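Feature annotations, reproduced from TrEMBL:
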| type | residues | note |
| --- | --- | --- |
| BINDING | 17, 22 | substrate binding site |
| BINDING | 107, 108, 109, 110, 111, 112, 113, 114, 115 | ATP binding site |
């Protein structure tokens, strides 16, 4: 991931805080700050499909975040001090989680459509749609995954031996 050309050229990067069953992102987040890039993480709104990408000030900033009912660390709903990526310069790159992927760029998420809805908003931003990379285990690559009309294809899937 760290040697990937899109990562190297990107300055504003959104990345998920991994759950135990996902590719672990902690080292990538540390590298984002080490290289002087800007790091944004998701804040999901419960009972909707709305998500914002909020700026972290440092890798250590993560430990100050509250835990949601989904057992995910994220900025609190009343945290208005953090920059939202689309209120500023947009994003260059989004690292995306998922449950399953196919080689056509289709992604099976957790069913709420947070990333698809967010990417639709990105397309309306002056900086346009960021490059999207899914981080996956080889076992998550399927022949095909079910897609709906509003699903946005991802640009690339990174997994072991891809």
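Placed from the backbone N, Cα and C atoms, the Cβ positions cover glycine too.
Automatic prediction, not curation, is the source of TrEMBL annotations.
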Across all protein chains shown, the binding-site residues 22, 107, 113 give the max Cβ-within-10 Å count at 107
Please report the distance from the Cα of residue 107 (ATP binding site) to the Cα of residue 17 (substrate binding site), rounded to the nearest angstrom.
18
Around the Cβ of residue 111 (ATP binding site), the count of other Cβ atoms that are within 10 Å:
8
Might you list, by sequence position, any residue in that chain lying six or more from residue 17 (substrate binding site) with a Cβ less than 8 Å away from its Cβ?
25, 29, 41, 42, 62, 72, 73, 74
Specify the count of other C-beta atoms within 10 Å of the C-beta of residue 109 (ATP binding site).
17
Compare the Cα of residue 22 (substrate binding site) against each of the binding-site residues 109, 111, 115 and report the nearest.
109
With a radius of 8 angstroms around the mean position of the C-beta atoms of 107, 108, 109, 110, 111, 112, 113, 114, 115, what other residues of the same chain does the ATP site pick up?
98, 116
